[in-house]
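Asks: Following this message is one structure expressed as structure tokens.
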Protein chains: 2
Amino acid sequence: MSKEELDARSMKALMTIASAWYDQMKAGDIPSISLPTRTKYNIEYDDASEVWKYGDKESLRTAATAKSATHLLKMAYVIGFVKQQLIENRSSTLREMYYISEGWKRAKFGAQDESNFLVEDLEIISDVPREGFHLRPEENGASIYGPMRIREPTRRGLKMIHCQDDVGSAGYSIPNNVENLELVDHDAKFVIAMETGGMYDRLIENGFDEEHNAILLHLKGQPARSTRRLLNRISQTWNLPILVFTDGDPWSYRIYASVAYGAIKSAHMSELLATPKAQFLGLQPSDIRDYNLPSDKLSDKDVEALNAELTDPRFATDYWKKQINLQLELGLKSEQQAFAARGLDFVTKKYLPARLSEMGVI
Amino acid sequence: MSKEELDARSMKALMTIASAWYDQMKAGDIPSISLPTRTKYNIEYDDASEVWKYGDKESLRTAATAKSATHLLKMAYVIGFVKQQLIENRSSTLREMYYISEGWKRAKFGAQDESNFLVEDLEIISDVPREGFHLRPEENGASIYGPMRIREPTRRGLKMIHCQDDVGSAGYSIPNNVENLELVDHDAKFVIAMETGGMYDRLIENGFDEEHNAILLHLKGQPARSTRRLLNRISQTWNLPILVFTDGDPWSYRIYASVAYGAIKSAHMSELLATPKAQFLGLQPSDIRDYNLPSDKLSDKDVEALNAELTDPRFATDYWKKQINLQLELGLKSEQQAFAARGLDFVTKKYLPARLSEMGVI
């Protein structure tokens, strides 16, 4: 969707909310709004889109009580603020909007959690991602390197950037809003999204992107929203396999889960933010055993997290049950850079080709 | 210094250490090495270079005991490993080298702290930064945006990049080694290094870089080594004012201090990593008062940190004493994005022009 289309859709959706209130008041009714109940008891797996979404349970907020009336007042202020941003073609961070509410008298937010939550409500009601409201997150996106070209609208005009030829060795810095990024073309066979910068730099230095026509992405730990959105768009637009390569511990498996399935708090955005086709590449507990990797003992917290994953619906597959049970049995975890114990080329010359071929990717 | 020169200097320095041991053994002496004592009691302010450096205290490590002999053995292995990297033109992360030591039998490192410390020792003895050894940190550098051109050697050849025209809206991603980066030319009057991505994006969106010919840099919290090195090089090469803009709390003042003065653990690299001419722009405690900014109460930990700064030699100036005492009196702290309470343009149209003119920068 182009910037103009997204802007128009956002404006229309927000004005629809406001005019519904106007009509309610004109008819002598108390203004209200209904929202899906946002708890894990109202999350359902949608077979068609392969993502978790909110179910049918709704709750009604009506201005009949002072508390709910204040909530609607705040929402009205946010709608007014976003409308102004759309008209002036400005944007702001969620944090800035929170501070701006200082001037909104009774609609002032008490804490940023409250304003973030309200923006999520607006995303749900309007079915527009907050990027459409020109609201940016604090955190930056990650970096990407590989045979692909993007076109990005910037203050200084449209920029066409080839993510190998036109960038430095740290790659293309993913902006915090990728809705307006055009995926122009590519010459890639698959994407590897990596947890650590050390592994990202290793693959670039070893020329893995050139040898295998691979797009390399540095997730920078738990991935930011724009990073997950870009993976989703690459998967949908170019239909490329997305492979997630992390450390071999329960916290890293959650990084994979957030790429593939999303999080409960953003379940309303799963179709935009999750990449259900993303596959877990490694580091697998069986790799620790098969490659006899340097490892550390699992801590009590690790064991607890692994046990929690055994009952987590996102890990309810034979593959994960087998791997997690194996890890509990071994009592060990390893980092992805542990492959260096076999030499700096081992990961790109042996491990990845073997694993990718086992997965049917190459 | 070009890559070739730095490589040659590294190789020579490391071989000098090894051949000294060889000569000692040939003469029937026990091999040894002497190092500056690395504690805060051996840090001195160097007037000429305006940075903190190690003093004259040295300690001798001799292979007469098993413990020290093992230390020298490890150092010999690291020297051999780095020599191989220089010959093959490879590089590795500190973490990878730690894993590689798995194969070094009795010279295997027990923990990464130990190998990092040994690399610092080698930096001190050889007077070569670890970038010269082709050892990379894990963490990525930050981003930069503004009227300047750099030339970066990459696997795919030399890349000339203009940090406004040739990059996306997130800017140029600073690589983890900036020694080989050539600072080609610029059209800037000053550099603002910012703590938060929100403020960096704000200044870019508001066109502050164009209006004031400013280079904008996102520090990403506590700045990585390559970020500090780049600021040092810009200050030395182009003699531009470097201004640090952070939140107004004691932890953020430490970010400024690490840019301007460096840290004890890297005191041997201060001339390369510190930028003594860097000035603190804000957010100042007096700004909280003068602009009546939204603020939070100081926590006990904040007060403790402010009191510690009052006795820290790096903050021993009239300016800092006055500001810190004022903050303790106010009992308040503010974030740099708090300026948004006055509107999204306030920081670029009012605050920064006023403050920069007060500082004599514009």
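Backbone N, Cα and C define each Cβ position, glycine as well.
So TrEMBL lists these for the protein:
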DOMAIN    B:71-134  domain 'Spo11/DNA topoisomerase VI subunit A N-terminal'
ACT_SITE  B:TYR99  active site, O-(5'-phospho-DNA)-tyrosine intermediate
DOMAIN    B:138-187  domain 'Type II DNA topoisomerase VI subunit A all-beta'
DOMAIN    B:190-356  domain 'Topoisomerase 6 subunit A/Spo11 TOPRIM'
BINDING   B:GLU195, B:ASP247  Mg(2+) binding site
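Describe the structural context of each listed feature in the structure shown, including burial, neighbouring residues and relevant distances.
Replies: Sequence-distant neighbours of B:TYR99 (active site, O-(5'-phospho-DNA)-tyrosine intermediate) (same chain, 6+ residues apart, CB-CB distance under 8 A): none. DSSP assigns B:TYR99 (active site, O-(5'-phospho-DNA)-tyrosine intermediate) to a helix.
For the domain 'Type II DNA topoisomerase VI subunit A all-beta' (B:138-187), residue counts in helix, strand and coil come to 0 helix, 23 strand, 27 coil, using DSSP.
In the three-state DSSP scheme, B:GLU195 (Mg(2+) binding site) is classed as coil.
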Asks: Sequence order please: the recorded positions B:TYR99, B:GLU195, B:ASP247 that have their Cβ under 8 Å from a chain A Cβ, otherwise just none.
Replies: B:TYR99
Asks: Which residues of the same chain, at least 6 positions away in sequence, have a Cβ lying under 8 Å from the Cβ of B:GLU195 (Mg(2+) binding site)?
Replies: B:LEU219, B:GLY221, B:PHE245, B:THR246, B:ASP247, B:SER252, B:ILE255, B:GLN336
Asks: So if I draw a 10 Å sphere around the Cβ of B:ASP247 (Mg(2+) binding site), how many other Cβ atoms end up inside it?
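Replies: That number is 20.
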Asks: How does the model score the domain 'Spo11/DNA topoisomerase VI subunit A N-terminal' (B:71-134) in terms of mean pLDDT?
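Replies: A mean pLDDT of 92 is what the model gives the domain 'Spo11/DNA topoisomerase VI subunit A N-terminal' (B:71-134).
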